[in-house]
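*Asks:* Can you keep this structure in mind? I'll have questions shortly.
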């Protein structure tokens with residue numbers, strides 16, 4: 001035997017002997033004290049009973065009062081016994097705590113001995129100690145009882161303090177009033193009974209208070225024992241994972257496994273099972289009949305449930321009738337279809353119920369097999385033709401056929417092997433567990449590896465026909481290879497003697513398979529919910545467009561006119577709403593992120609209790625922050641902290657990139673928001689996510705913002721010089737997002753530039769002008785300079801068309817013609833009404849102004865063009881002349897005009913022109 005194993009056993013025996021002797025000594029003292037108190041209380045009860053007998057033929061009220069005193073004395077006796085039991089339990093727990101602490105110290109000391117390698121014998125001893133520790137920590141029932149007793153004791157104390165029945169103390173006149181008309185004077189007896197009652201209540205109050213205090217101590221110790229027991233068990237399990245628990249597998253192990261097959265057919269085992277079945281048929285017959293009735297109903301309704309699934313299929317995908325409730329109903333039907341096979345095993349487990357022996361192990365194994373067959377049968381019904389996966393999730397036919405065939409094969413193999421493995425691990429001896437249990441585990445893992453490789457090979461062929469950007473990609477290229485490697489690694493560990501490690505690895509792998517399957521179904525359900533909502537949103541927009549037929553036609557005309565105009569903004573730059581495809585992509589990406597994060601946390605919860613790898617990462621110190629001299633606490637930044645910080649920051653970045661679309665679908669589309677409001681909300685949430693992610697990651701990396709006063713001071717100095725403009729723009733951007741003087745999509749004029757706001761960032765705002773140029777305007781400019789927002793609250797703006805007509809024109813006809821032109825233009829709104837004004841008699845003619853209002857700001861140029869063309873045509877038809885600028889030329893005639901006639905000089909070689 002290894003030396004450290006012998007040392008561990010010797011120290012454990014010594015500690016057990018010391019604990020036993022100390023416990024015996026305390027128990028003897030408590031027994032003596034209990035006998036003394038018991039004798040005193042018994043004497044008190046005897047005295048009270050003798051006094052009651054001495055009353056003889058006293059009135060019934062007086063005898064009832066005396067009997068109440070006797071009940072109080074017996075209650076004191078009961079509380080005394082309970083308190084003594086609590087004291088004994090507390091003493092036992094103190095010994096258990098001392099033993100656990102000593103065992104932890106011994107275990108830590110032994111495991112730190114590196115001169116000897118771990119052996120199978122040492123691993124078997126640790127596993128046996130772990131089984132004992134697991135049995136010892138089941139103290140939850142004791143805690144529940146103690147909590148109930150403490151609550152009752154506190155209520156009794158409250159009633160004693162308030163002197164409520166049955167702890168009330170009536171006055172002597174009240175008792176004398178009840179005894180009025182008695183044939184003799186009972187005054188002395190009344191005084192004695194009241195004194196007895198007063199003394200009993202005082203003593204009862206003291207005993208109840210001491211009992212409550214002792215229960216509080218007991219609860220504290222129970223909690224501490226539970227914590228220390230879990231600590232001890234976790235320490236054993238974490239080290240058992242790395243220590244062999246059996247000899248490496250060889251021919252001798254195979255022979256032992258063959259011999260252990262006879263263990264399953266031992267008559268004593270099945271005699272125990274037969275006795276449990278007979279006993280349960282008598283004691284638990286109603287419950288068994290209920291399970292049998294449920295099995296009959298589930299089997300009889302299978303055909304109707306399948307028909308319901310088939311009738312439901314045509315409604316899926318139809319935007320008029322599709323609903324997520326249909327998918328939830330289909331899930332419930334699928335679960336009902338999966339019930340009958342599992343109910344058979346559940347019924348057998350119900351019949352073999354027992355508290356001990358082979359029957360109890362068989363019950364646990366059958367229950368585990370029932371849960372497994374329920375899960376696999378649910379998957380089988382899920383991928384059936386016209387089932388949830390085919391109709392609701394639109395999975396490919398080849399994938400469903402592949403899953404259906406292999407799930408049926410696995411179910412026929414996994415269920416019996418699982419029952420055998422659980423039966424062996426719960427009840428069998430170590431040699432049976434390491435023989436037959438190891439063979440079953442290896443066969444189970446071989447089946448997992450084979451089916452995973454088959455699914456991986458065949459799924460890649462069906463995945464090649466897809467775009468590769470779907471949830472199936474993660475399962476095929478990440479999960480199937482990982483599952484194969486884990487199964488093969490489990491087989492290798494079991495062959496090398498690490499059977500406990502292999503069994504725990506298999507258990508966690510099966511839990512992970514269930515988790516991945518459930519996550520896949522949740523992701524598919526969420527995507528389907530989004531798809532239904534997306535189609536409804538598109539349908540609602542189509543209906544809104546149909547209802548706004550006139551406005552829609554006007555907007556179409558305006559857009560076509562704007563495209564022809566030289567001052568139009570491109571439509572792509574005008575759009576401030578997220579398009580449907582972007583919403584779909586971002587929402588699906590965010591859903592995938594949420595599911596992956598949920599899987600990561602669930603995986604951590606499943607695996608962290610066994611593998612110390614995470615704790616090992618948390619022990620790798622990267623740097624330390626703090627003096628470490630005792631004045632300030634020193635913060636240690638480990639590799640695990642760095643990984644968590646990077647994960648938090650990555651999640652924040654992914655959330656920022658995909659938040660707008662998801663927010664539009666989940667929240668913003670449900671409210672009637674003004675244009676640009678959703679964009680402002682999204683931007684503010686983006687900044688909030690960045691801020692929270694940065695603070696969280698900084699705290700994980702040990703960056704304490706309260707210790708950066710020097711940085712803040714330096715930043716203050718920098719603000720006085722070169723950073724004031726950046727900070728001013730930053731603050732202005734925050735003000736713009738909160739105050740919202742303009743929104744994305746508004747048409748503004750700022751610093752001589754007019755255009756449409758396309759993006760609002762924290763430092764600058766992007767404006768697209770009439771020349772298709774994108775201008776970056778610092779946010780500070782919008783706060784410090786005059787800014788015109790043409791569409792802030794009302795997109796209707798006034799347009800003025802000035803014109804001058806010749807003198808002599810009919811002014812009434814001019815006004816009538818201009819009003820007619822304005823009313824015939826579709827871009828001119830009816831309210832406010834158009835107006836024509838005769839302003840003045842000008843130098844060149846009579847000056848008029850046509851004042852109209854238009855709803856489309858960006859079409860002011862084309863509206864002006866249309867009005868000019870219409871005015872010119874109408875004036876020509878009615879003979880109204882538009883005046884033109886007139887200039888008078890005055891020649892000076894004060895002296896004769898000098899007229900000079902010259903002949904141009906011919907250039908050399910030029911040909912004279914003919915006269």
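Count begins at 1; order follows the chain as displayed.
Cβ coordinates are placed from backbone N, Cα and C, and glycine is handled just like the others.
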*Asks:* Transmembrane segment per TrEMBL sits at which of 410-429, 530-549, 550-569?
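*Replies:* The listed stretch tagged transmembrane segment in TrEMBL is 410-429.
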*Asks:* Need the matching range: TrEMBL marks transmembrane segment on one of 255-272, 435-452, 453-470, 615-632, and I'd like to know which.
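*Replies:* Of the candidate stretches, TrEMBL labels 435-452 as transmembrane segment.
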*Asks:* Pick from 324-352, 759-787, 788-816, 817-845: which stretch is listed in TrEMBL under transmembrane segment?
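*Replies:* Based on what TrEMBL states, transmembrane segment spans 324-352.
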*Asks:* Could you check which of 472-496, 847-871, 872-896 is flagged in TrEMBL as transmembrane segment?
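*Replies:* Matching range for transmembrane segment: 472-496.
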*Asks:* Tell me which of 637-656, 657-676 corresponds to the transmembrane segment entry in TrEMBL.
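*Replies:* So the range that TrEMBL calls transmembrane segment is 637-656.
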*Asks:* Have a look at 364-383, 384-403 and point to the one annotated transmembrane segment in TrEMBL.
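*Replies:* It is 364-383 that TrEMBL annotates as transmembrane segment.
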*Asks:* Mind checking which residues reach the transmembrane segment (410-429)? Cβ under 8 Å, same chain, six or more beyond either end.
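*Replies:* Hits for the transmembrane segment (410-429): 260, 263-264, 357-358, 360-362, 364-366, 368-369, 372-373, 376-377, 380, 436-437, 440-441, 443-444, 447, 451, 503.
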*Asks:* Over the domain 'Mechanosensitive ion channel MscS C-terminal' (802-882), what does the predicted model average in pLDDT?
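*Replies:* Per the prediction, mean pLDDT sits at 88 for the domain 'Mechanosensitive ion channel MscS C-terminal' (802-882).
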*Asks:* Run through the domain 'Mechanosensitive ion channel MscS' (726-791) and tell me, per DSSP, how many residues are helix, strand and coil.
*Replies:* 20 helix, 26 strand, 20 coil
*Asks:* Do any residues, 6 or more residues outside the transmembrane segment (508-526), come within under 8 Å Cβ-to-Cβ of it, and if so which ones?
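*Replies:* Sequence-remote neighbours of the transmembrane segment (508-526) are 324, 327, 375, 379, 382, 389, 392-393, 448, 471, 475, 479, 483, 486-487, 490, 591-592, 595, 598-599, 602-603, 606-607, 610.
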